[in-house]
Every structure is written in structure tokens, then in C-alpha cells.
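Summarising the annotation, TrEMBL assigns transmembrane segment to 55-80, 92-112, 118-147, 168-189, 233-257, 278-299, 319-341. Look at TrEMBL and you will find 71-338 tagged as domain 'G-protein coupled receptors family 1 profile'.
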Amino acid sequence: MQQNCLLVKDEKLDDKWISRKLSTTCNCTELLDLNLLINLHCEVFPFSHDVLVQIFYITIFTAIIILAVCGNFTVIWIILCHERMRTVTNYYLLNLAISDAAISIFNTGFSWTYNFYYVWIFGSTYCAINNLMGIAPICASVFTMIAMSIDRYVAIVYPLSKRMGQRATVIIIVAIWIVAVLCGLPALLASKQEINYFVDERNNIFVDPICLADNFPDGNALTSNLFALYNNILLVVNYILPLLVLIYTYGRVALILRTRESIGDTRNQENIRAKRRAANMLALVVMIFMVLWLPYQLYFAVLYTYVGALFDHKMSLYIYLNIYWLGMSSTIFNPIIYYFMNQRYFIHFIPKFYFNFCLKKVL
């Protein structure tokens, strides 16, 4: 009996063993006594879902990935392939589109699949990449919104000051991505793939690889002070401070534009209205992003402990997935906002651009 158990332990469990079921003549208690398998659970694998539930989540996550990729690549095409669209503000919008497309392509599909099925099938290397790409693009989006709001603030509050050029804007965008990657670096360095084992009453062993980002020097997600500190820093840097900056800058911009419109002469009225439309569009982009990510931030800051205590594994998972989907849905709204609130984007969004890809002609 012990030899059969040892046979299980001696099998090489690498990425090729993903979701493989093994069996042994030992029961789970004997396996525990022999201490042959780390992370052994004497229970049936808990994460199984009804077919309709699977169809529902596959549909809603596939939809936002497709819409986000198509919409944001359209924005990228419009800005890069039409010279008149290459303004400072549009470069920031381009960076937002790149970050939204990046998280949709390199993170959303992998993360929701893993969280839903609790089986990491994409290998240890991509485990680290996925953890990085779950943080860096979001940081890049937030930092871009801050840079964009400050640019609008300076342009409107100090209209006589020298405007930032395209070269300086590109340098800022590069710096944004460097800082964003640095913000995600601890998650990448703390990544690891572990193997869990679930033994049912028939002594079938379910091999369950999982992807973690809590391999900190002082412990894991439950015990590490560094892990808690890192998540608190991300909350402040990614949400609280940006929210305060954005409220102040766009609040001041709105107040000044309203004052100037009420006392300005007729010749400046149209110019002021154009600035207000642009400011309103950017403010709406920011507001939607912050509102859709608020439940996600609250979940990890406050609700996580209560949800785990009040609900079972499945219900807690579904609550998290719904909140996660809401945050990720922010990636589909920016192209829609540009379409309805910016005439130049509206012109270039027409279907004929598919047949004139990257022509120098400005439509």
C-alpha cells in the first residue's frame, strides 16, 4: 500500500499534468499520515459549476473581451493612421486604448477562467506574466487619466502658459508605463504555481495547479505583512489618490469654464463651448472608470472578509466574478464615449475605414 502511495509522490507533476486525475490504493487519511503530498485536501474538488452557469460566465466575459479589443484597436487605428488626430490629448487617449486592449488580451480571459474553474492551465511562466498584466495596464490607465486631467487643467486654468508638445507627451507616456510595470513587479516576483491535491471517497486524486502572487519573504496572503502592505499601497496609488486629483482638476476646470462662458464675449463663446465638450468627455471617461472599479476596490479593502464568512465557496466566487466583470467592463466604454461625444472620432468610426486601412488620406 505504501509503495503505491509512493508511486503517486514520485510522479513528475509539471505543466503537462494539468487537471489530471490519479488514483491510489491509499485513502486520504493514510496519505496525510505518510506526508507524501503537500497541499492535500480530503474532499471532492469544490469548484464545479452547472452548465447554465458556465455558459453565462463564458458569454459575458467573452463579450467584454471581444468588444474591448475591437473598440480599442479601432481607437488606436484612428489616432495612428490619421495625422489630424495626433494631438496631445489624443495621445493620452491612445495610451488608454493600448492599456485597455492589453489587459483584455493578456489578462482578462486567463484570470476569469482561472478564478472560475480554479485550475491554472497556462503554465508557471504565464502565471507570473498574468499577475503582472493584471496590475500594470490598470496602473497605466489611472496614471494616464491623471496626466490627461493635469494637461486639461493647465491648458484651461493657465491659458497663456506654454502647452506641452507631442515629444514631451510621448516621454510622459513612456514614464507612465515604466512606473506601471514597477507597480506590478512585486506581483510578478511573488508569483508561483502550486499543486493542490483533492482526494475523494473513491481515492481518486485530482491534481489542481493554481497560480498565486503571494510568495512574499514573510509569508503568504494570509500571514504576510508585506503582501498586505503591497495591496494597501496599490489601493492608494491606483484609486484613492487618483480620485482626489481627478476630482480637484476637473472640478476646477468645470468651474472656470462656466465662469468664462458667463462673462466672455461672443467671439470666445464657441471656443469655450468646445473646451467644455472636451473636458466633459474626458471627465465622463474618468467617472465611468472610477465608478466601475469602485466595487472591486471595496471588495478587497472591506468586503472580502465578510463575503467569505457569510457565503460558501461558490457564492463567494460568483460575487467576486460579478465584481471583477464590472471592473473589466470599463475597457469597452471609452470608444463608445468618443463615438458619441467627439465629432472627429464619429467621422472616422464609419465602416468604410476597414477598406482604407492606414491610408494617408484624412477622411
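Cβ coordinates come from backbone N, Cα and C, glycine included.
Computed from a predicted structure; not experimentally measured.
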### Task
Examine the transmembrane segment (168-189) against the transmembrane segment (278-299) and state whether at least 3 Cβ pairs sit under 8 A, considering only residue pairs 6 or more apart.
no
### Task
Rank 55-80, 92-112, 118-147, 278-299 by Cβ pairs under 8 Å to the transmembrane segment (319-341) and hand me the top one.
278-299
